[in-house]
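Participant: The structure follows.
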Amino acid sequence: MLRAEALSKVYHMGEVEIHALRGVSLELVSGELVVLLGASGSGKSTLLNIMGGLDTPTSGQLFYGDTALHQASDRELTRFRRDHVGFVFQFYNLIPSLTARENVAMVTDIARNPMRPEEALERVGLSGRMDHFPAQLSGGEQQRVAIARAVAKRPEILLCDEPTGALDSNTGGLVLDVLQQINQELGTTTAVITHNAIIADMANRVIRLSDGKISDIHTNTTQRPARELQW
Amino acid sequence: MVSAQATLLAKLLREVWLARAQLFAIAIVVAVGVMVLMIMTTAKQSLTNAQQTFYNEHRFADVFLELTRAPRNLLTQVQEMPGVAVAEARIRSAARVEVSGFADPIQAQLVSVPEQQTQLLNTLHLQRGMLPTNSRQVVVAQPFAEAHKLQLHDSITAILNGRRTELEIVGIAISPEYIYQIGPADIMPDYQRYGVLWLREDALAAALDMDGAFNSLLIQLEAQADSATLKLRLDQVFENYGGRGAYTREEQISHRFLSEELKQLGTNAVFLPLVFLGTSAFLFNIFMQRQIHTQQQIIAIMKAFGYRPATIFLHYLGFSSLVVLVGLILGLLLSHWLSATMVELYSLYFSFIDLNVDTNWRSLAIAVLVTFAAGFVGTWRAIYKAIRVPPAQAMRPPNPPNFHQSRINHFIATMRLNQAWRIILRNLVRHPLRSTLSITGVALAGGLLLFGSYQFQAISTMLDRNYRVEQQMDVIVHFSQVTDAQALASLAALPGVNYVEGMRSVPVRLHSGTTVYSTSVSAFSPDSKLRQLASMRSLPDAGLVLTDHLAQQLSLELDQQVRVEFIGERRMTQAIPLVAITNEAIGVGAYMALPELNRILLESDVLSGAWLLIDATEKEALYARLNEMPQIAGYSHIREAEEKLRSYMDDTVLTAMSIIFVLAGSLTFAMVYNNARIALAERERELSTLRVLGYSYAEVAIILFGELLLVVLIAIPLGWLVGFLFAAGMTELMSSELFRIPFVVSRQLFGLSALGVLTAAAIAVMFMLRRLQRIDLVAALKAE
Ligand SMILES: Nc1ncnc2c1ncn2[C@@H]1O[C@H](COP(=O)(O)OP(=O)(O)O)[C@@H](O)[C@H]1O
Ligand SMILES: [Mg+2]
């Protein structure tokens, strides 16, 4: 459903050229859970951001269905993100002035076929803390609100950039469990970035990036439940 | 340590450069405050100095008295009164003057100078020529000479008591008595149509039949003399000589105008700079808070490295010092340039010996102190907390801003709003002090706009009322003597005269308890077509009508009996009931029906003047005929005076309004721009998140600027209130016997104030929109 062909991304930092991606081709299959593995600086975030319409490739092509995203305008990319993509980041990025429920409503207000904010929060196990502000929630709880916010509009694609990076192992496991459940129950195509190889066991496919290129793609025959992962 | 200082300095300069637009906006507000302060205080200082010099060097009198006629030997009696240092008698008279090549009527004040001895009081400052040595010579006032381009040895004609006298100009002078020269019925100086002339005493004595007599008295007081007692004694002594009541400088026209001007300069010099410097301190405080918030970790590291808190504080004080310095220099440059212009402008209206630009260094010192203190306090408030946090704690990333369940936040949650407005409202109430001050600042700017434009509208309303409603005549004619009503027929027969009405004016003293007030009663027909009293349908057939200001001064109420002392040709005192009060804007007057006045004075149907409606195309022919008529002491074309005033107003209004717009606009701009910058800095991540979630630029912009829009929307009506109160205050403060500014605030003024604020805000927002578009989504989300 999301198809990348020979994506390259070059950043210019003054005199220096940084090749963050060097010809990455990849297709996300509907309903699968993909884990992107790789060392820091290998280009994972760059790839995810381009696939989510946050950034544009220097060269190469990106299609969502028949829509060519590599030549889309800012307005079209905004539309794409609004209608089809949910994001989860390492640092949650909740709106501090809104309660958990209102943070989710921020998305359901502009979505075409959303679930109720309460339902989204129930799915991540936060029915009891819907009226709390971010400052009153723990890191894991904040990240679960962020996930509820990302899935509440029933996106086709859910992109998560190191969702457990700022969390301890127990809380992180809880968050991954939520992601896995959503992938299975709603069938949302999900990509999760991590540099933690153990997490890869929960995926359908594991894609390894190094130095801006895909170095290995591995398909798991069985997925381990995220609950059982320990690191 | 030296290199550490250099490093800190480099850090400071780089950070200042990064925030240059924002800091410059604050510097502009500082500059405006300093500029206004310096201009106002410099103008005040310059005028005050020039006034003092003139008064001292040319011995401006302390007490004045006008009378009908008294023998010269009474002067010795005056000189012996306690408290009198110097007394001088002279002759003064109104007259008509003709300057060849100028057709319009000219009113003049003729003043005598002694023949033998030198002038003692109100001495002339000759700018050219000399004092008159014979009765055919004259010294003319400098503005009058300039207006008519008169040179020494030119001649002018004075018409006194119906006699035409050709006079040679031998001197051009100014006098401390006429620093501000304004005709008796004028609102503004008109140097072409009103002038002061000084003649030798014998010339005036002969023309006015005043040999061995005088009609004007000047007195200089001894130090610590009691002027009130002296005034009483003078009034007693001159009771039988037609004394009009002694008065002090405070009631002297020229002194009075000048003092009013100085008073207003003084008020402006405090109020306006306070608004601007206060605003800059506030803007500075929020800037510093933000700066220090983002640098908490840097401060912690500096502390961990062993920098002392004082060093850190001094480092951050560098921001405000730089801003204040730039603002000061800019403000001083502007004021240096504008002060000279301002003082020059004043010299058009006030004739001084020499009006120098005297910079008020004391106020400069105050400006420097106040602005630096503002920066100091702003920085201190912001940094105090940051310095006290232990380094270890500060190096951890900050927690999310602490929004929590408060009653107001809960209330916002229950409101039927979309999330965007929830964000806006919660942020607004999260910083109550900042929000309040922002609203106050913008409201002050709006108030300034309303108040500034109000002044012009009020004056224009005053002119409308005076010239369109109350005085509808074109020309006012004064007879030399009280004349039979048949004179109207001969006026009606003059070329260009369409309509004539008679009137009579009699000098009186009004008594109420111990208060005495000298003025004149104007009498005209109750069915006059040319004269209306403000707020009254018509003049009552009997009884007295007073201007509200006068009734108040005399603490008189309707239906009370007023003791009216007639001090014209016929002297008598009569109790007359106060039957109505009129709220005329210009002057203070007393009015009666003409037949009733003549009945009281036991006279037949007589007049002292007339009002004419004329055909303007024939005015020259009419003037020529009027000039030939000895029974006419003077006349004035008030329709032309009105036009002149209005064209002057049109010229001034535009300039003054632009200045007010710039002042208020810069205040609003700085306020909105700074708030927007801070909001953007504080919430860059939040706004980027929204963009990532699929919100468009426009939707995100609404969230960022909605808060400002609310601030501005709340501030606009508050600004109206502020401006309205200022306008009311000024109306009260400025109301004097000369005129009372009508308190009329039209809908346009409210609109103008709102429009000004919105425009400035819109410009600030436009600057910010460009910044908003430049936010790098990915980068903003990454950094913690
Ligand atoms: N906005 C940017 N400007 C310049 N270089 C960047 C930018 N974003 C990422 N890079 C560089 O591109 C490379 C890949 O970065 P990234 O995709 O963030 O890697 P990862 O997420 O795998 O750690 C890195 O060398 C990084 O420094
Ligand atoms: Mg990354």
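Including glycine, each Cβ sits where the backbone N, Cα and C put it.
Those TrEMBL annotations? Automatic predictions, nothing curated.
Below are the features listed in TrEMBL for this protein:
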type: TRANSMEM; residues: B:21-40; note: transmembrane segment
type: TRANSMEM; residues: B:269-288; note: transmembrane segment
type: DOMAIN; residues: B:271-391; note: domain 'ABC3 transporter permease C-terminal'
type: TRANSMEM; residues: B:312-339; note: transmembrane segment
type: TRANSMEM; residues: B:359-380; note: transmembrane segment
type: TRANSMEM; residues: B:436-456; note: transmembrane segment
type: TRANSMEM; residues: B:653-676; note: transmembrane segment
type: DOMAIN; residues: B:659-775; note: domain 'ABC3 transporter permease C-terminal'
type: TRANSMEM; residues: B:697-729; note: transmembrane segment
type: TRANSMEM; residues: B:749-769; note: transmembrane segment
Participant: Do the transmembrane segment (B:436-456) and the transmembrane segment (B:21-40) share at least 3 Cβ pairs closer than 8 Å, excluding pairs fewer than 6 residues apart in sequence?
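Facilitator: These two stretches do not touch.
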Participant: When secondary structure is assigned with DSSP, how many helix, strand and coil residues does the domain 'ABC3 transporter permease C-terminal' (B:271-391) contain?
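Facilitator: Tallied per class, the domain 'ABC3 transporter permease C-terminal' (B:271-391) gives 103 helix, 0 strand, 18 coil.
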Participant: Would you mind splitting the domain 'ABC3 transporter permease C-terminal' (B:659-775) into helix, strand and coil residue counts from DSSP?
Facilitator: 100 helix, 1 strand, 16 coil
Participant: Under 8 Å between C-beta atoms and at least six residues away from its ends: which parts of the chain pack against the transmembrane segment (B:312-339)?
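Facilitator: The answer is 8-9, 11-12, 15-16, 23-24, 26-35, 37-39, 42-43, 46, 280, 284, 287-288, 291-292, 299, 302-303, 357, 359, 364, 367-368, 371-372, 374-376, 378-380, 382-383, 387.
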Participant: Can you work out which residues elsewhere in the same chain, 6+ from the ends of the transmembrane segment (B:653-676), have a Cβ less than 8 Å from its Cβ atoms?
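Facilitator: Residues 21-22, 25-26, 28-29, 32, 36, 272, 275-276, 279-280, 283, 286-287, 438, 441-442, 444-446, 448-449, 452-453, 456, 704-705, 707-708, 711-712, 756-757, 759-761, 763-765, 767-768.
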Participant: Mean pLDDT for the domain 'ABC3 transporter permease C-terminal' (B:659-775), rounded to an integer?
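Facilitator: Summarising the domain 'ABC3 transporter permease C-terminal' (B:659-775) by its mean pLDDT gives 86.
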